[in-house]
């Protein structure tokens, strides 16, 4: 800008302030682009075969006929539906309104369904069981749910728990070992909780008492647990598998009648004790955090520890015990690997799921129920990957293996938006 | 529980070898407003933190109703009937008022389940009794500062505090809110609550206290009646006679060389933190920008300096557009800038005083040639500035962070005034600075005006604004409420700081 040519009203014409009031174009644009992708790939280039989506398994109390969706036509119809939603978002934008929150969610569900039709119809064996898909998702989500609940408990009290992975792994190993030695998977489950708590206590002592950077302690713990369990697995478990690594499984305890309901029956009422425990844990942690004295204090310590201190709340003790409790919960999640999913320990059995759990808790906005739902989404991604591998899709399996992590990145980066972690999370509390 | 008499006997509190409190005796009678007067850093807050159980005293005894007590933590102090409103509020921003009040003394039913309704009712009762007008279900972060302070007071009252400690309670309030607070304090006293009122603002202290105890450098200097004159009290605080009035000559404004037009700063959340502000400053004139903390002052000064993104409008100095220039070019245009927080933006704490004095000129002659610095010149400069500005430092090589607040501020001021200036901006020039240094810094600011530099002062202390200003601009929520001449009554300024236009008291300019 030159000095002389701009008279007193210099710069007044800049339109920036009014533009700030417009809602962002992010949602309309991304929906439009995805609709176009759906139209071209799922519709125009869609496979000719018909996808079969089975809703109930043969032998269920209520049998529902399978959904038969022709690949190309189905893709077209779904793409048009997606375009309609994108158009609605654009229409709202032109009127200066924000898209409602449900719009991207419904859009995502329809998009994923279209993707599913496209993949299934293009597979060698164009048939999947929706019930199996959903039930399997929940099963795979169980360790994630426990892990993310552990993260919620820790972060809500002001400690970042990067060590979820280590807690899961420690729980998995201990569960296998103790269950084999005692002959009871239930004892193994309890031992797993203790192991997770022990890992957590190390995190708590170093980060709370010695004020070591919480991220660093967490990372070091992950490496330590991984190394330790790997070493013991190689030296103890592999040579003596029968003595140390045949834990047996936790019994599946179906609830009569209720477990026969299509789709939700197997999810809710045909679980092992660990599965039922998951639902209980989500509910209890939620109720505890938001409805009880304990929760109020925990959240206060995580948001404004000094305020809690001036009201006579022992900040560091609260943190210590909460982090320990979180570790115990993650430990139970780890036991699911060795007592439910498969019946023995292998090296690195948790396979990075602790970090996915961390993502789930952020995606779930530090809320137990949000973390639960986010974990289900990631469980779905894991399950989709394995099912699609089985039915044989044209998409290379390496890409399928990326699916859970892609979902994680998009979920955390794109959909979370401006969510607010507990204000004091990651900051050690020193008096004065 | 009846009324409480509180006594401190020989309290000392040491941090390492430094004594923040030394052998302090203090008696707070029941139903009195007892003021602790002292400069920043005199040890008032430390003493109260000892009393509240946050610090353990190195020596001495606390007696409640003549019985010695030993507070292990704030819980014990609260149980003994002592409540405290901290200078920085101890409220959880994302909690509701009721949750904040309940915290630590939660009413619960079976199994620790919160019964927040009980707290709601108590808040309504107390609100009604004292006319507080506080909604128990409002989120604390949405409340204005004055209301947050009432929440803090309610917190203490719910716990049946008989002695209420208020630590610098007026620092964050508008003059009107301050008056309301003083009324609340009188009401509480009438209800039998004793109040320990910590402040360094003489006017408020004189208005409300029954007894004044003056503290200097961690020791009790003596008691004074509220009828003592402001000059007497100030002298007790500082330890030597001080003149409270600046006696500056009337300004002689010359040419107007600094013009701000329609300046707008947009925050990341899309709101305008500075909203279409226009003003100008003439050479040889001080424009003081008044307003309660957080009404856009920071962003305004930073926008002029060029360290704010998303700025529109125009900032002209000597006919040249500053907006859009890199900060270095803005400084080279002759802008001196004292930032509001010297420890964060004004100094590099671990650097020596000498280095801090050339932070903006380190790459220029005479302090540098080519890529090398000239330490001898830097040291020479430091010696001169230390003498000229009376900077009390062990040596020019001492880390700036180890100096007292007043001396740190002198380092910043000395650096910024060492170049020939075309514009001088000082934000909170005397925040956290002892009374003695305030006098000196004010004189330097006026001296800069008298050599013909346009000067812009931003201050949240109304006293300072009135002291220095030739004209006063008042900001409220990022907007300019008005520009009024010096000599505008305090009440009018107070109302303007609350967003009420200037037309009621004065006809502006």
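A Cβ is built for glycine as well, from the same backbone N, Cα and C atoms used for every other residue.
For A:27-46 (among others), the entry in TrEMBL reads transmembrane segment.
According to TrEMBL, the feature transmembrane segment maps to A:66-90 (among others).
Tertiary neighbourhood of the transmembrane segment (A:102-121): same-chain residues 27, 31, 34, 38, 41-42, 46-53, 69-71, 74-75, 78-79, 81-82, 85-86, 88-89, 127-128, 384, 388, 391, 393, 395, 415, selected by CB-CB distance under 8 Å and a gap of 6+ residues from either end. For A:102-121 (among others), the entry in TrEMBL reads transmembrane segment.
TrEMBL lists A:127-146 (among others) with the feature transmembrane segment.
Annotation source TrEMBL lists transmembrane segment at A:158-180 (among others). Remote same-chain partners of the transmembrane segment (A:158-180), defined as residues 6 or more beyond its termini with a Cβ less than 8 Å from a stretch Cβ, comprise 143, 146-148, 150-151, 187-189, 191-196, 198-200, 203-204, 207-208, 214-215, 217-219, 221-222, 224-226, 229, 232-233, 237, 243-248, 301-302, 305, 319, 322-323, 326-327, 330-339, 344-345, 348-350, 352-355, 357-358, 422, 424-427, 429.
Tertiary neighbourhood of the transmembrane segment (A:186-208): same-chain residues 150, 154, 159, 161, 163, 166-168, 170-180, 214, 217-218, 221, 225, 247, 250, 273-274, 316, 319-320, 323-335, 338-339, 428-429, selected by CB-CB distance under 8 Å and a gap of 6+ residues from either end. TrEMBL lists A:186-208 (among others) with the feature transmembrane segment.
Residues 160-163, 165-167, 169-170, 172-173, 176-177, 199, 202-203, 206-207, 244-245, 345-348, 354, 426 of the same chain sit 6 or more residues outside the transmembrane segment (A:215-238) yet have a Cβ under 8 Å from a Cβ within it. Annotation comment: TrEMBL describes A:215-238 (among others) as transmembrane segment.
Summarising the annotation, TrEMBL assigns transmembrane segment to A:276-296 (among others).
What TrEMBL records for A:320-342 (among others) is transmembrane segment.
Residues 137-138, 141, 143-152, 155-156, 161-169, 222, 282, 285-286, 289, 330, 333, 404-405, 407-408, 411-412, 415-416, 419, 421-422 of the same chain lie 6+ residues outside the transmembrane segment (A:354-378) yet bring a C-beta within less than 8 angstroms of a C-beta in it. Under the heading transmembrane segment, TrEMBL lists A:354-378 (among others).
Among the features that TrEMBL reports, transmembrane segment is placed at A:398-417 (among others).
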Under 8 Å between C-beta atoms and at least six residues away from its ends: which parts of the chain pack against the transmembrane segment (A:66-90)?
27-28, 31-32, 34-35, 38-39, 41-44, 46-55, 99, 103, 106-107, 110-111, 113-114, 117-118, 121-122, 126-127, 130
Other parts of the chain folded back onto the transmembrane segment (A:276-296), taken as Cβ under 8 Å at six or more residues beyond its ends:
142, 145-146, 149, 152-153, 156, 253, 268, 329, 332, 367-369, 372
